[in-house]
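Feature annotation from Swiss-Prot assigns active site, proton donor/acceptor to 96, 208. What Swiss-Prot records for 32, 33, 64, 65, 97, 98, 209, 210 is substrate binding site, and it gives sequence analysis as the kind of evidence. Look at Swiss-Prot and you will find 1-15 tagged as compositional bias 'Polar residues'. Residues annotated as region 'Disordered' in Swiss-Prot: 1-25.
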């Protein structure tokens with residue numbers, strides 16, 4: 001049974017807005033296991049700058065790429081439910097490829113609001129490749145997911161798809177966003193299977209939302225002219241369409257906020273980064 005947005009304690013700060021009132025400010029939850037979802041959030045905010053944004057990340061169970069599908073589904077349901085109990089959500093974006101490949105059906109069954117997922121951009125990469133070799137760079141869970149293999153079977157029959165799963169690259173992206181430096185030698189080691197090929201992929205699918213955060217570093221390691229493709233812009237367009245198609249939404253006056261699952265020294269260090277993205281507060285989500 002779908003869960004409806006909570007409204008019992010929000011009437012003083014939020015109101016049902018009709019088209020005759022001022023432009024509504026519906027609430028969008030962007031969720032990822034870590035900070036990679038900020039790359040998707042940036043794309044969405046460019047199209048929809050006036051939404052009320054919530055960013056939630058699971059720093060307790062991060063990274064998801066090594067977790068079982070059952071664990072991920074239960075965890076994502078728990079987190080989205082906890083956010084929904086405090087905020088009237090208009091839409092949820094699961095900005096995590098690994099979580100999207102396993103949790104979307106369960107989320108859509110439980111909640112009434114639309115849920116958007118992130119999937120590897122196989123189809124556009126196939127259109128862009130010049131040498132017919134496309135690389136999919138993702139977590140191990142995404143690389144081996146049946147959904148990913150189905151995308152390849154449907155859209156890449158005329159191409160050679162080279163799969164490379166790496167949780168180390170996810171950690172590198174987290175390091176960069178926390179202010180650290182990612183040594184190029186680390187990336188070269190991760191990408192060695194491709195770099196050692198006689199004809200490496202000329203188009204790379206960034207199949208994890210963390211990886212667009214490393215495009216500058218990846219460009220220095222990959223062969224010159226290699227194209228990198230992600231699904232952030234497509235997810236933003238889908239989100240904008242779903243928001244615009246809603247007749248009545250609950251408009252929030254709250255500030256943007258970020259939630260983590262535990263507060264520690266790492267989250268303290270991350271707060272200035274989140275503030276630079278437009279999230280002035282970081283709180284522990286009560287789950």
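For all residues, glycine too, the Cβ spot is worked out from N, Cα and C.
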Cβ-centroid neighbourhood (8 Å) of the substrate site, 32, 33, 64, 65, 97, 98, 209, 210 excluded: 34, 36, 37, 63, 96, 99, 139, 142, 170, 208
Residue 96 (active site, proton donor/acceptor) and residue 65 (substrate binding site), Cα-Cα, nearest whole angstrom: 10
Greatest inter-residue Cα distance in Å for the substrate-binding set 32, 33, 64, 65, 97, 98, 209, 210: 12
Residue pair residue 96 (active site, proton donor/acceptor), residue 209 (substrate binding site) - Cα distance, angstrom, rounded: 6
Which same-chain residues, if any, lie at least 6 apart from residue 208 (active site, proton donor/acceptor) yet have Cβ under 8 Å of it: 36, 65, 96, 97, 98, 137, 138, 139, 142, 169, 170
